[in-house]
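Look at TrEMBL and you will find 9-30, 42-62, 100-125, 131-153, 191-214, 226-248 tagged as transmembrane segment. Feature annotation from TrEMBL assigns domain 'HAMP' to 249-301. Annotation source TrEMBL lists domain 'HD-GYP' at 303-501. Taken from TrEMBL, the feature domain 'HD' applies to 325-450.
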Amino acid sequence: MYQKFAKKILWNYFIVSLIAVSIVGSIFIFTTLDIKASEIGFLIIIVMMSIFIMAILDLSFLKYDLRPIKNANRDLVTFEELKIAYKQVHRLPKLAVRRVMLPHFIGFSGSAVLLAFIFISNGWLDVSTSYIMFAFLGALLVALMHALIEYYLTLDAIKPMLSHLRNKANKLYGRTLNSIGKKGFPIKRSLISSAIVISVSPLLLFTIAAQVRIEEFVPELSATYWIWAIGIILISIMFSVVAALLIAKSIQVPINELQQKMKLVQGGEFDVEASDNYPDDFAKLVNGFNHMVSSLNQTDAVNRQLLDSFITTLTTALDARDPYTAGHSKRVSDLSVAIGEKLRLSQPKISLLRKTALLHDIGKIGIEDDILLKSGKLTEREFNRIKEHPVLGENILKQVKPLTTIAAMLPGVRSHHERMDGLGYPDQLKGEEIPLFGRIIAVADAFDAMTSNRPYRYAMPPSQAINIIAEGAGTQWDEVCVDVFLKIMEEDWQTFNMEASSKV
């Protein structure tokens, strides 16, 4: 793959250089200047020696630029080497411009100017030194056009290599290479530069060639010619810049909008739509984007429904196993959500809290029936077994794939029996070490447990449970969560009193 890629880069460079140097340069020299037949040989020597020096410098720079990519072509290559090569491939279009404007232009023009002065000083060439300056400017203009063409040819040539490196990284390491942060020239800058080079460089090249001819045949028109030429050139530059800005705007506006919408989609917001205000091909791109987001939104809705159904199924299975705690998970979830809303948690966090609270006791599925459903007082061994249910619940939920769909619920499930004084279980966390969801669920869980019938005791009145929780603020339960809980009981006493009464 590398050999094919390198040949493509080299072939593009050779063809464009041949056209720029051998054809354009030769035509500019031999058709513009009035050269004696005896001097043509010396000019050919200058051109050939300059091409030779230019080629040596060009190839040296090209070899250096391609070295990281060549290193990544080995069978045994590290992921870091692949990343470096991937970044280097993205830089190649800019490096092509640098290569044309430095070793190519300086190597050719610098050598040609130096040799020309040597030949003139030795009487081998009878050419005005002002023509040397014009030739240098002409070479600069040709180099600019060459650099522009080389930039876009390289942009096209690097695509297969980028694909090859991505596939190789995925095959060898199962990781993805991306182009974030590996930027080329911005669109506006590229368009303005391209427009100026395309419109002004040929015009300037013609202007310089015409100036040389005028000086040879009608020298008295030289001064007035430049006044006229500069005016035309300035008008051309202004027109090119304005046109390029308008074109850049017509391209950047839809691209920027799509980028902004894409960031929202990456953040999990699928209820977005790009405005279809573009009459050209961008309309197709916008419609495609909107269709994609609509499909993602539908898929996300199905996934959320599946997750909710999964959670409901687990809690229903737990409730069916222990009739004494039927509805416990739902009641704890409702009260936890009420506390979370009073704490002004965001809606995504409220939704996550609801699901976490529904699953907080799921670990009891792993507790033996003779312990979980025992009607009498538990022994120390049995109670220690019951205390394992937060960890069992976390381990059960860790089996869900992908884990990212449920990972944020795990801390709350594991820590809902921790105490603020560090005497809870399973990790004896203390104070702020306890995750927020664990602190919220602990209050809701305690209230529902105390106001529910158990095989070994009757439910206590809600007022008594409220007093116990109030007295335990700061030691067993989080003070802020308890304060919020007490406000809820004051403001919405009827709702939770009726729920508690229905369990008795």
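Each Cβ is built from the backbone N, Cα and C atoms, and glycine gets one as well.
As the structure is a computational prediction, the values presented were derived from the model and not from experiment.
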- [ ] Residue list, the transmembrane segment (131-153) vs rest of chain: Cβ under 8 Å, 6 or more residues beyond ends.
- [x] 12-13, 16-17, 20-21, 24-25, 28-29, 33, 93-94, 96-97, 99-101, 104-105, 108-109, 112-113, 116-117, 193-194, 197-198, 201-202, 204-205, 208-209, 211-212
Open item on the list: Using DSSP, what is the helix/strand/coil residue split across the domain 'HAMP' (249-301)?
Closed with: 38 helix, 0 strand, 15 coil
Task: Beyond the flanks of the transmembrane segment (226-248) by 6 or more, those residues with Cβ under 8 Å of it - done: 187-188, 191-192, 194-196, 198-200, 203-204, 207, 210-211
TODO: Please work out the mean pLDDT for the residues of the domain 'HAMP' (249-301).
DONE: 83
